[in-house]
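**Q** Next up is a structure, given as structure tokens.
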Amino acid sequence: MATVAFHTLGCKVNHYETEAIWQLFKEAGYERRDFEQTADVYVINTCTVTNTGDKKSRQVIRRAIRQNPDGVICVTGCYAQTSPAEIMAIPGVDIVVGTQDREKMLGYIDQYREERQPINGVSNIMKARVYEELDVPAFTDRTRASLKIQEGCNNFCTFCIIPWARGLLRSRDPEEVIKQAQQLVDAGYKEIVLTGIHTGGYGEDMKDYNFAKLLSELDTRVEGVKRIRISSIEASQITDEVIEVLDRSDKIVNHLHIPIQSGSNTVLKRMRRKYTMEFFADRLNKLKKALPGLAVTSDVIVGFPGETEEEFMETYNFIKEHKFSELHVFPYSKRTGTPAARMEDQVDENVKNERVHRLIALSDQLAKEYASQYENEVLEIIPEEAFKETEEENMFVGYTDNYMKVVFKGTEDMIGKIVKVKILKAGYPYNEGQFVRVVEDEITEHMRLSS
């Protein structure tokens, strides 16, 4: 039997697509191997969001070639899309496919085996107008199922290469989204994470449909789903209609990831972001009024070209005032090919790092403050895996619906179920909890008693 091994770099979308590509290989009769093992085919799903992403991708490609010099080396993903010639120039690379036409991969492998000539299967992503259907009925290693709902982005922020790697925004057919959500729930997943390159932009390319309608339909039509999480949504996409759906639903979780990138209007303008801080504040206030206890996490880029200490403090103070529950903080790094990389006034690395540390310290403090509201409360978590960072045995880790990481003493069979846990000690990066009961057992018991 032919064997295949995968390595995925980068974001949730890439992980989702690797699972989809694995389905294609599985249907063709392949067996999956670990990337460290010898396989007939190696598929490397690459990332290009930073120059480091490119570098890491090249390292992994070379590792696969060393692993089995006779294997077929197939490179796909964002770096493959933006720099196919660069990848084809690596001796030992056999096939390059970008961020579309993934279903052609198996055909290319057969063709390569016959002709022994490297194949560049990358086409112009900017011409793609239709969402490429790739199904994932189950995941290899995760308790939360990702569900990709759209592709591409029309924003062209000055720091970002992604539209060139993923093309313009294309939304997935809503019926396909609902069908796959049902499939995932039927396969046993309790939580579905809606994901995409620009997730909240879903429906912007459709006439009479939008993201709020999709959320509403997922909420009412998918039987048995316990949690629906939005991986990321822009402030400009949080319409009053979206807020109404969130308010109505008891399945859409009390957590939103809203990338802010900067809290300074002048920096946002240089970044070519589509909102002002006044607008962002208005959306946050509206959300928190409709959804008490809402956890808001965010991404921040520190040290964007020209960022002054005053502009940085605008960001710092905005985040402090609006009590975000956690931040992902990134020092700005030049991405070759973007307008920001050519801007003057690049910020000194030491200044960047010092600002990053200040924001991370604020994030840790805010995360603890947010979690402390829930001390001694009983919350529902979905255990994901054994917790390895402790000497104590039988410790497991999972997330509440409002994205608090909780560690508690439990058993292996609780993984993937909904479990009630009392928060004993709030903290960061995780909270300490005490097992109360498994929710499914409670439901079964209730049904037994009432029958």
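Using the three backbone atoms N, Cα and C, a Cβ is placed for every residue, glycine included.
Copied straight from Swiss-Prot:
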type: BINDING; residues: CYS11, CYS47, CYS78; note: [4Fe-4S] cluster 1 binding site
type: BINDING; residues: CYS153, CYS157, CYS160; note: [4Fe-4S] cluster 2 binding site
type: DOMAIN; residues: 2-114; note: domain 'MTTase N-terminal'
type: DOMAIN; residues: 139-369; note: domain 'Radical SAM core'
type: DOMAIN; residues: 372-437; note: domain 'TRAM'
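Please go over these features one by one and say how buried each is and what sits next to it.
**A** In sequence order, GLY10, ASN14, THR46, CYS47, THR48, VAL49, GLY53, THR99, ILE161, ILE162, ALA165, ARG166 make up the list of same-chain residues 6 or more apart from CYS78 ([4Fe-4S] cluster 1 binding site) whose Cβ falls under 8 Å from its Cβ.
Long-range neighbours of CYS153 ([4Fe-4S] cluster 2 binding site) (same chain, six or more residues apart, CB within less than 8 Å of its CB): CYS160, ILE162, PRO163, ARG166, LEU168, LEU169, ILE197, HIS198, GLY201.
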**Q** How does the domain 'MTTase N-terminal' (2-114) divide up by DSSP, counting helix, then strand, then coil residues?
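**A** Helix, strand, coil within the domain 'MTTase N-terminal' (2-114): 56 helix, 23 strand, 34 coil.
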**Q** Across all the protein chains here, work out how many other Cβ atoms are within 10 Å of the Cβ of CYS47 ([4Fe-4S] cluster 1 binding site).
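**A** Result for CYS47 ([4Fe-4S] cluster 1 binding site): 20 other Cβ atoms within 10 Å.
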**Q** How big is the gap, in Å, between the Cα of CYS11 ([4Fe-4S] cluster 1 binding site) and that of CYS157 ([4Fe-4S] cluster 2 binding site), rounded to a whole number?
**A** 18
**Q** Provide the number of Cβ atoms within 10 Å of the Cβ of CYS160 ([4Fe-4S] cluster 2 binding site), excluding the reference atom itself.
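**A** CYS160 ([4Fe-4S] cluster 2 binding site): 20 neighbouring Cβ atoms within 10 Å.
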**Q** Taking 10 A as the limit, how many CB atoms besides its own sit near the CB of CYS157 ([4Fe-4S] cluster 2 binding site)?
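**A** Excluding its own Cβ, CYS157 ([4Fe-4S] cluster 2 binding site) sees 21 Cβ atoms within 10 Å.
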**Q** Please list, in sequence order, every residue of the chain apart from CYS11, CYS47, CYS78 whose Cβ lies within 8 Å of the Cβ centroid of the [4Fe-4S] cluster 1 site.
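**A** Close Cβ neighbours, site residues excluded: LEU9, GLY10, VAL13, ASN14, THR46, THR48, VAL49, GLY53, GLY77, TYR79, ALA165.
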**Q** Helix, strand, coil: count each for the residues of the domain 'TRAM' (372-437), based on DSSP.
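**A** Residue counts for the domain 'TRAM' (372-437) by secondary structure: 4 helix, 34 strand, 28 coil.
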**Q** Taking the centroid of the Cβ atoms of CYS153, CYS157, CYS160 ([4Fe-4S] cluster 2 site), which other same-chain residues have Cβ within 8 Å of it?
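**A** Close Cβ neighbours, site residues excluded: ASN155, PHE156, PHE159, ILE161, ILE162, PRO163, HIS198.
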